[in-house]
Amino acid sequence: MKHRPVHERQSSTESKNLKETTQLIMQSSSDHTHHQLGSNDSPSACMSLPVPQLSAEGSCTVGDVTVDLSSQDSQHVARSNSRRVRPSTHGRSPSRHGHTHSHDASGPEDANDDSREQSNSISEVFHLYKWLEKSFPYILIFSAKLVVQHITGISVGIGLLTTFLYANKCIVNQVFLRDKCSKLQCLWVLVFLLFSSFLLYYTFSSQALYYSLVFMNPSLGPLHFFDALWVVGITDFIGKFFFMGLKCIILLVPSFVMSHKSKGYWYMALEELAQCYCTLVSTPVWFRYLIDYGNLDSGAEWHFGILLALLYLILKILIIFGQRKTSSDCLRLFLSQPNYGTTATKRQCSEADGMCAICQAEFTKPIALICQHVFCEECISSWFNKEKTCPLCRTLISNHSHKWKDGATSLQLRIF
């Protein structure tokens, strides 16, 4: 038997051991991989086994070969998870893109709607302007025809308005002048108002317009809308002229017979009475118009006219009921005529230097207010016609309304 060298036996032994070790490593790696796939929660293990390495010269030297099983397992798990996650990711992405596109598309749509509405409104205004421009000659022609048809009523209305403005201005000026007012001017305004009223009724005597002053119907036959408007307008102005004439008569009364303070309350009461009268005097005219308009023959039209007339009466009653508080307050002030203070003593007058702060003259009938400031009775009465506080310290003296105490008359036309 021929003996082999020692190094050959050693090399063959090492090669056998290397093969066995390699098989063992491959078997353990496959077992560990199957174990990782079966359980996702198992911790990763890093397994290092010594593997002999051969040198390039043919001599074998033993070295360590490290195989990282955890990295391979983690890569395999990550790949499997990525396969599971991808469908859900792709499933959500269209919805996100859909929401984004919907929000992006809603903005331009709203802007387009606004621009369309704005352009439509501008075009409508432009078409209206073009229509008015084309229709202006026709409107002018028919307006001229209406003016010619109602030239009498328009002329009378302008004349009555001018008369009212002139008389009202004269009365207010004379009330402001007090003792220095011109009696001749007051008499002239009174005569002017009477002459204007009689001239108007005499000119249209065939229509018997003066009947409406006493809540009767004038003789106009079938009453149309413009006829009712004509009667109510004239009656309203003539009623104002009547009460303005009464104010002129009060102005003619000497101050030693009626004080200026009392005259102020009379002006206020007359104006309140004039407004109530003008509110009521138009009721019979419009009631007749609502019933008799168009010579109603059928029963349905007659019943409809009665219904409208009843509604008109209800509205008129509501208006009168709304003015009830104002009228009652005015009547209470007229009857009581409250004082603004007490008669001032000589000491109070001397403390005020014996001179009224309003008229800058010596006191005449001095009155001491609740704030102890002293003024002339007539001066402080004129002051309280428009104010409610003391002229010096602005202390509230009176809560009452003193409107119309300056002799003015309301221009408001109570047509209905």
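Sequential numbering from 1, following the chain as shown.
Note that Cβ sites are derived from N, Cα and C of the backbone, with glycine treated the same way.
Record features (Swiss-Prot):
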REGION    1-50  region 'Disordered'
COMPBIAS  7-19  compositional bias 'Basic and acidic residues'
COMPBIAS  20-45  compositional bias 'Polar residues'
REGION    68-117  region 'Disordered'
COMPBIAS  68-80  compositional bias 'Polar residues'
COMPBIAS  81-100  compositional bias 'Basic residues'
TRANSMEM  146-166  transmembrane segment
TRANSMEM  184-204  transmembrane segment
TRANSMEM  214-234  transmembrane segment
TRANSMEM  237-257  transmembrane segment
TRANSMEM  265-287  transmembrane segment
TRANSMEM  302-322  transmembrane segment
ZN_FING   356-394  zinc finger
Over the zinc finger (356-394) the mean pLDDT stands at 84
Let me spell it out: take the transmembrane segment (265-287), skip the flanking residues so only those 6+ beyond its ends count, and list any with a Cβ under 8 Å from a Cβ in it. 175, 212-213, 215-217, 223, 228, 231-232, 235-236, 239-240, 242-243, 246-247, 250, 258, 309, 312-313, 316, 319-320, 323, 326-327, 330-331, 333-334, 337, 402-410, 414-416
Under the DSSP assignment, what numbers of helix, strand and coil residues are found in the zinc finger (356-394)? 7 helix, 8 strand, 24 coil
Using Cβ atoms and a strict cutoff of less than 8 Å, what residues sit near the zinc finger (356-394) while being 6 or more residues removed from its termini? 178, 259-261, 264, 339-345, 348-349, 400, 402, 405-406
